[in-house]
Amino acid sequence: MSAVIVNTVEQCGYFNRGQCQSCRHIQVPMAQQLMAKSLELQQLLKPFVAPSAAIFYPPVTGEATAFRNKAKMVVLGAAHAPVLGIVSPSGEAVSLCDCLLYPSDMQKLLHRLTQFVQQAGIPPYRVDKAKGELKFILLTRSQVRGEYLLRFVLRSHNSIERIERALPTLLAEYPQINVVSVNIQPIHMAILEGGEEIFLTENTRLEERFNDVPLFIRPKSFFQTNPQVAAQLYQTAREWVAEFAPKSLWDLFCGVGGFGLHCATKDIALTGIEIEAEAISCAQISANLMGLEKVQFMALDSTDFAQGKNAADKPDLIIVNPPRRGIGEALCQSLSEFAPKAILYSSCNPKTLAKDLEHIQGYHLTKVQLFDLFPHTDHFEVLAMLVKD
């Protein structure tokens, strides 16, 4: 199901003042945004659609505001007057604590975190001088119980003690902050996080739940930022896959297992592949909670896995959910050679989806659906079902 598409325009003060241009289409009515995205998708996939062969289902949408579950805040200003937000096009430090994309409880917590930085006396990192400590605050919200994962990205270990001293007061005020960690990123470059993660709480993962499937978020594991539409994306994948009644299933670029765990049953042999070990750990915990025994998750490169000896047993159906770069020609060739009944391709970049479709041989599109996980931007997710000729 989709939310009713209202032909209204959201009013954002940040955008109107020229302080933030991230939602570049926020002044375009939602119905018009969806029409433009749908047209772009149809044009990109037109070369791969035989007449009357593929069905383009109506776009799936959610709320236009208060939908986002993750905030990535640059920490600016000074220790006595910190600012959580971005640097505007004019070079101004702009607080984004009241961004319309965040739920109201998240906005409130972001304001409290600004106060926390000030009270703890943590100096924000100054890019122009390569001095200071606190680079980013990353906040992730679970819709299950409104719990949070909070990360402080620091240049060094020097301010950890300041955070630890101030943390008990914050956690007493906000017991819904379930996980707190410090990430050390010492490099003077525009890199969001470093290799070292230090947990300041006993809990190390945040629970989320889509369609009664338990999923877990750790600091470095990828997770969809629009829970409402993501739940519909996973449910649609489950329904499309069930039509083929596969006995074996691969979930490549599986992340925390969202697609594979939605599609798996106790009778389906599921193999999930993901390069990030933290995500694989989360996926395995979910599988155990669901009582799935014919499941294996491995921290490997998906292309390397498909070309290696572990891929000897060919599955009935393959799911791919790659990053924006797509799956690449080598993996396209491997999928063509495996010749499963069907390939379910979830793409966050329709341009690379179209490029990959040029290299997947022996398949035709039967279903395509757009999921608008990123309102007011040019980005969207696509679910495409390819069936063996």
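Each Cβ is built from the backbone N, Cα and C atoms, and glycine gets one as well.
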**OP:** Figure out which of CYS97, CYS99 sits with CYS12, CYS20, CYS23 in the [4Fe-4S] cluster site per Swiss-Prot.
**Re:** CYS99
Original post:
Say Swiss-Prot lists GLN224, GLU274, ASN321 as binding S-adenosyl-L-methionine: which of PHE244, PHE253, PHE305, PHE338 is in the same site, per that record?
Top reply: PHE253
Original post:
List, in sequence order, the same-chain residues at least six positions removed whose CB sits under 8 Å from that of CYS348 (active site, nucleophile)?
Top reply: PRO323, ARG324, LEU373, HIS379, PHE380, GLU381, VAL382
Original post:
Sorted by position, what residues of the same chain at least six away from CYS99 ([4Fe-4S] cluster binding site) have a C-beta under 8 A from it?
Top reply: TYR14, CYS20, ALA71, GLN107
Subject >> Local Cβ density at GLU274 (S-adenosyl-L-methionine binding site) - other Cβ atoms counted within 10 Å >> reply: 28
Subject >> 8 Å Cβ shell about GLN224, PHE253, GLU274, ASN321 centroid, S-adenosyl-L-methionine site members excluded >> reply: PHE222, ASP251, CYS254, GLY255, VAL256, GLY258, PHE259, ALA279, PRO322, SER346
**OP:** Please classify the secondary structure at CYS20 ([4Fe-4S] cluster binding site) using three-state DSSP.
**Re:** coil
